[in-house]
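Okay, so here's the structure we're looking at.
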Amino acid sequence: MIGSGIRSSFGLFLTPITETLGTGRENLSIAFAVNNLVFGLPLVGLLSDRFGPRQVVIAGSVLYAGGLLLVTILTTTMGLVVSFGLLVGIGLGATSYVVVLGAVAQLIGEDQRSRVFGLITAMGSAGMFVVPPLAQLLLSNLGWQGALYALAAVPAVVALMAFGLPRRPGTQLHGVQEPHVDEPFRRVLEKAARHRGYLLLTTGFFVCGFHVAFIGAHLPAYLGDKGQPEFVAAGALALIGAFNILGSMIFGWLGDRYSRKNMLSLIYLGRAIVILLFLLAPVTRTSALVFGGAIGFLWLATVPLTSGTVAHFFGARYLSTLYGIVFFSHQIGAFIGVWLGGRFYDTAGTYTPIWIAGIALGVFAALVHLPIPERTELAGAAAAAD
């Protein structure tokens, strides 16, 4: 909740930092893009499966705080790439859903995972609801450097909470039975590389990353360009978090009862429709806040469904790594979305081509998920990969 809350406020810093440094939006967008790419590296999932989630989260929290502090010192483009891109990116990855969901998955049965994953995602969304308005308040009173000093203290709380996570990898609750739990790690990876449903899921998650990273990083600047005050952008981000709580819980609950792949197709199609309507409507305070609520309902509702599907394919033992690979595709999409947003704005003075790309990608992702094996076929699909 804390880590994702800070992350969701990064877009609020785009305009003040670029104005202070006198650079275009593309330069900081590059640091944002590297952050998203590093954030998604499967390495943290692999380390969590190897050494346990507790150590990974504690180390990541330290890097997270240190990176935020260094952003205020290393203000060149390369310095921002190192501090915000690399250090904060690694810290985010180590405190992300990849590690947490992998740890929790080993303590619950498969028939409850989508619902529990939805609850965890919703808790992360609570941070998105709380932190952006707080970050905007800090920005208004302390400036962007003072705001980052204050936010850098927050990951310390994450480090303390990490002591509640399992210390050893593979810790399972008594009575939880898992397929493939005794299989060698390399064999499970080979299965995943040949599994049609896993590959399609990975492809579709690229689009999720493109959407959430572009909107999260550039929506505040876009609204500012349209004449909206800063509090409207903060309010829109907060509504994304608030409605994401509801969406994550509802779709997590639905994922334990209905076809996950159909739910995912509906989410991506819904995103395309919401973005299209926002692009066609006049940008007002009302339309900005309505867009925040609507896109927020679909924001991370993909996470419990996607991670739950991966766990259903291969079990929970190596979920941090296997979901981490899927999540890396998400973050490649995030890298491209954030960078292209800044690139197009600096060269053409508009975000419109990226909004249109988001619509097209939403339709594409909706279609990509349709051939994924149905819930009742997943076990057979995994067995066929042997």
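Yeah, the Cβs are placed from backbone N, Cα and C, and that goes for glycine too.
Record features (TrEMBL):
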{"type": "DOMAIN", "residues": "1-377", "note": "domain 'Major facilitator superfamily (MFS) profile'"}
{"type": "TRANSMEM", "residues": "28-47", "note": "transmembrane segment"}
{"type": "TRANSMEM", "residues": "56-74", "note": "transmembrane segment"}
{"type": "TRANSMEM", "residues": "80-104", "note": "transmembrane segment"}
{"type": "TRANSMEM", "residues": "116-135", "note": "transmembrane segment"}
{"type": "TRANSMEM", "residues": "147-165", "note": "transmembrane segment"}
{"type": "TRANSMEM", "residues": "197-219", "note": "transmembrane segment"}
{"type": "TRANSMEM", "residues": "231-254", "note": "transmembrane segment"}
{"type": "TRANSMEM", "residues": "266-283", "note": "transmembrane segment"}
{"type": "TRANSMEM", "residues": "289-314", "note": "transmembrane segment"}
{"type": "TRANSMEM", "residues": "321-342", "note": "transmembrane segment"}
{"type": "TRANSMEM", "residues": "354-372", "note": "transmembrane segment"}
Closest-packing stretch to the transmembrane segment (266-283), where packing means Cβ pairs under 8 Å, from 28-47, 56-74, 80-104, 231-254, 354-372: 354-372
Recorded stretch, among 28-47, 56-74, 231-254, 354-372, maximising Cβ pairs under 8 Å relative to the transmembrane segment (80-104): 56-74
Spatial neighbours of the transmembrane segment (289-314) far in sequence, C-beta under 8 Å, 6+ residues away: 97, 101, 105, 110, 113-115, 117-118, 120-121, 124-125, 179-180, 188, 191-192, 195, 197-198, 201, 204-205, 208, 211-212, 215, 232, 235-244, 246-248, 250-252, 255-256, 260-261, 263-264, 267-268, 270-271, 274-275, 278, 322-323, 326, 372, 375, 378, 381-382
Recorded stretches the transmembrane segment (56-74) and the transmembrane segment (147-165) touching, at least 3 CB pairs under 8 Å: yes
Mean of the pLDDT scores, which run from 0 to 100, over the domain 'Major facilitator superfamily (MFS) profile' (1-377): 85
Positions on the same chain near the transmembrane segment (197-219), where near means CB under 8 A and six or more residues out: 7-8, 10-11, 14, 25, 29, 32-33, 36, 40, 233, 236-237, 240, 261, 264, 268, 271, 275, 295, 299-300, 302, 306, 309-310, 313-314, 322, 325-327, 329-338, 340-342, 345, 351, 354, 357-358, 361-362, 364-365, 368-369, 371-373, 378, 381
